[in-house]
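Colleague: These came from TrEMBL, pasted as-is:
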- 1-29: region 'Disordered' (REGION)
- 1-23: compositional bias 'Polar residues' (COMPBIAS)
- 248-289: repeat 'WD' (REPEAT)
- 294-325: repeat 'WD' (REPEAT)
- 479-505: repeat 'WD' (REPEAT)
- 506-538: repeat 'WD' (REPEAT)
- 549-573: region 'Disordered' (REGION)
- 550-566: compositional bias 'Low complexity' (COMPBIAS)
Amino acid sequence: MQQQQQQPASNGCSEHNGTSSPSGEEVQSKIMDRTNQDIVRLIGQHLKTVGLNRTAELLMQESGCRLDHPSAAKFRQHVMDGDWVKADIDLNELKSLLESTSQCLVEMKFLLLEQKYLEYLEDGRALDALHVLRNELTPLGHNTTRVHQLSSYMMCSGGEELQKRAGWEGKGTKSRSLLMDKLQSFLPPSIMLPPRRLYSLLDQAVTLQKQNCPYHNTKVEGVADYVSLLSDHHCSSDQFPCETTQVLNDHCDEVWFCRFSPDGLKLATGSKDTSVIIWDVDPDTLTCTHRKTLEGHSYGVAYLSWSPDSSHLIACGPEDCPELWIWNIDSEELKVKVSQSPEDSLTSCSWHRDGNKFVTGGIRGQFYQCDLEGNVLDSWEGVRVNSLWCRSDGKTVLAADTHHRVRAYNFDDLTDYNVLQEDHAVMAFSVNSADKLALLNVATQGVHLWDLQDKCLVRKFQGVTQGHFTIHSCFGGANQDFVASGSEDNRVYVWHVKREKPIAVLTGHTRTVNCVAWNPVYHQMLASVSDDFTVRIWGPSEKYRNCSHSPGNLNGNNGEGPSNGSAWHEMVS
């Protein structure tokens, strides 16, 4: 009696006693649980991805597993061969295995016919392409907008124009592989594994380890490069800006404020000594050199704001200062001094994202919107402002006022509303680059993190000493995962945004630290200023300071520096 042919299991594995290896030797298959079967399939798929096909076949034979359901494997082969007639027949056979409704079948047919149509056009087979368009794609009644777009490609003068207009890779393995990736999404993983599934899982694991690493200060790009897979990811604190690399003593009185330019190449510091000093940043050594002293701020300089293109700088004074200065940093000349009334108190400012206008205000009820020449465009009466921030929508301005709250003001439609409310005075605040989180320095309370979208308090950071002095904190790091603040106990505190306790406490100043600034481009560089007349620059320990300082290029692998991660990335890309 003829033995009945064994049907493969839906999970891609089948049980049989033995098979022949490529060398002709009989290989005894193993009996494994579901988890091990999945692991074998993932390894097999990755082996094929890197071109080790014979090794993958031997693995499948010895394990008794299959990478894909036989119908799915046949379908893949016919798609990669460009055999569209057989691929359509295979697709009808797979219909019963689709997870969703018949709509999935229609979408998969559409994708197949789209590739077929584009390949005919590239080959110059205009009549065949027209037949596909009229008699196969159009009758599906699916995605008519795309069908009309496809029909316009008939006018392309050649393959190069077709590829450019269609955003298509051209006939061949690359475009067909991309097509298979799309088609696979309609099939359950038990039938056909998602593309590069092992790499995706490893990437998720590495990304999670990066996110959980308290000192990770490089961009999370979504690929597992620059990180070894052979050990858990861990950045050393030595790679973090915890060490004083410079002490700048050019100011001769209390230093109240500091801020790096958006391009990361300049640092501005403002002091009670009536001057602003512009420093040039050396990206290679993470140090500063004196560039220019801007003098004449008779009330002292308590706040600074760079224009988005780093070409202009606004300097504001303390609470009894009725004027502000706009400096052209490229020409190192005063552009304009703005003063509306001797009764004003212009102590805070913020640039709009276009760099053509800014807002300014103070605690005596002045709140102006001005152009680059200092002309008042709009004003809002009766708003006593401690701190200002222009949001990324180009319309909304956030203002911390004397009622312990932050309100939003829209100068276009003259609307305003509460965003958040504290129980104590908001001395200063800043917003992260994603425009989602606000960092508040609250009198007698410390540093608070708020979610601007949900309008809720996220975290109260511990350790810092905050009385009634104005202390400025900041977001920082490659992904703005860190928060840094000065403190009345003469220290700089650094936290991870997800942790209440500090990950670093920096000592060296001898009086209150008034402001901390994180370099927005060279993320291993931090600056702090103090009533002790000094500016301190912080960087990684010396052995990491000589590494390549392209933006965000300090990495961790158990504190050992470079790893084999780039090889992994190249292998799977």
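Yeah, the Cβs are placed from backbone N, Cα and C, and that goes for glycine too.
On a predicted model such as this, the values are computed, not experimentally measured, just so you know.
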Colleague: Under the DSSP assignment, what numbers of helix, strand and coil residues are found in the repeat 'WD' (294-325)?
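Modeller: Summed by class, the stretch gives 0 helix, 12 strand, 20 coil.
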Colleague: Helix, strand, coil residue numbers for the repeat 'WD' (506-538) per DSSP?
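Modeller: Per DSSP, the residues of the repeat 'WD' (506-538) fall into 0 helix, 16 strand, 17 coil.
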Colleague: Should anything in the same chain at least six residues away from the repeat 'WD' (479-505) have a Cβ under 8 Å from its Cβ atoms, list it; otherwise answer none.
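Modeller: For the repeat 'WD' (479-505), the far contacts come to 214-217, 219-220, 237, 240, 242, 432-434, 437, 439, 441, 447, 449, 459-467, 469, 471-473, 511-516, 518, 526, 528-530, 532, 536, 538.
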Colleague: When DSSP states are grouped into helix, strand and coil, how many residues of the repeat 'WD' (248-289) land in each?
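Modeller: Counting residues by DSSP class gives 0 helix, 23 strand, 19 coil.
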Colleague: On the 0 to 100 pLDDT scale, where does the repeat 'WD' (248-289) sit on average?
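Modeller: Mean pLDDT, the repeat 'WD' (248-289): 96.
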Colleague: Per DSSP, how many helix, strand and coil residues does the repeat 'WD' (479-505) have?
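Modeller: Counting residues per DSSP class in the repeat 'WD' (479-505), I get 0 helix, 11 strand, 16 coil.
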